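Report on the structure given below.
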Amino acid sequence: MAVVSAQNALAKSAAKLEKHINLLKYTIFCLSIVIWIMGIFLWGYVVYSRLDTTLQEWVDALEIWQVYLGLYVLIFASIVVIIAPFLSCFAVYQELSQLLMANAGVHLFSFFVLLLGSAVLLENTTTGSGIVSSIRESMTNLIMQSQNEYATNTLNMIQESIGCCGADGPNDYLSLRKALPTECRDTVTGNAFFYGCADEVTWFLEDKSRWTTNIAISIAALEMLICVLSVILVKALQKEEKFNYNR
């Protein structure tokens, strides 16, 4: 009787473990689909941002090419994100510990690359970052060279399109003894724009990067979750092997 009871208890434990394993497999499979869809969306959005002609004009005019660094890292990260779910599904289907651990490693790598790309992008597109001083320096140089046709056209393009004046405001022209251009004035009121282009351009970049980094960090959280679940599944499969051996 004791032997039968022990066998029944072992069978119940094995059945419970099998349900646990199936739940883990389905969860990883579903998360992989979600990550794959989000990865495609991230890739499309980042590539669109990189090819945005308005952004390209401002970056080239102000010589702030460091804005692209974070986008390049996130493009690479999104490609890894798109590929990784296929490994997840294959590893789950095969139920091989080696593949599952490799899967965990790939998702962990993807997690860090997504965070790196987000950090680099924010470092070069947000208020308080180094991009502000770079824009300020470029705008000041353009104002000083405003007798040059290219510099004048560039200033007009930036100031008129986003409604800003100088690097930090109209006083930049006055301090450099330059005439205040009409592009620095509101076409309705005739008053000079209060904010400088260093702030306005940064706010524009920050608004674009906020959406990108929100998506990237959300995917990174799911990547870490799959990494943890893969390790748990490996432990569960190893435990199942012991059950089968004991039976």
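The backbone N, Cα and C atoms fix where each Cβ goes, glycine too.
Looking at C164, C165, C227, the record from TrEMBL puts C197 in a disulfide bond with C164. Disulfide connectivity taken from TrEMBL links C165 to one of C184, C227, namely C184. Ranked by Cβ pairs under 8 Å to the transmembrane segment (215-237), the stretches 26-48, 68-93, 100-122 are led by 100-122. In this view, the densest Cβ surroundings among the disulfide-bonded residues C184, C197 belong to C197, judged by other Cβ atoms lying within 10 Å. A separation of roughly 6 Å, to the nearest angstrom, links the Cα atoms of C165 (disulfide bond) and C197 (disulfide bond). Residue pair C197 (disulfide bond) / C184 (disulfide bond) shows a Cα separation of 10 Å.
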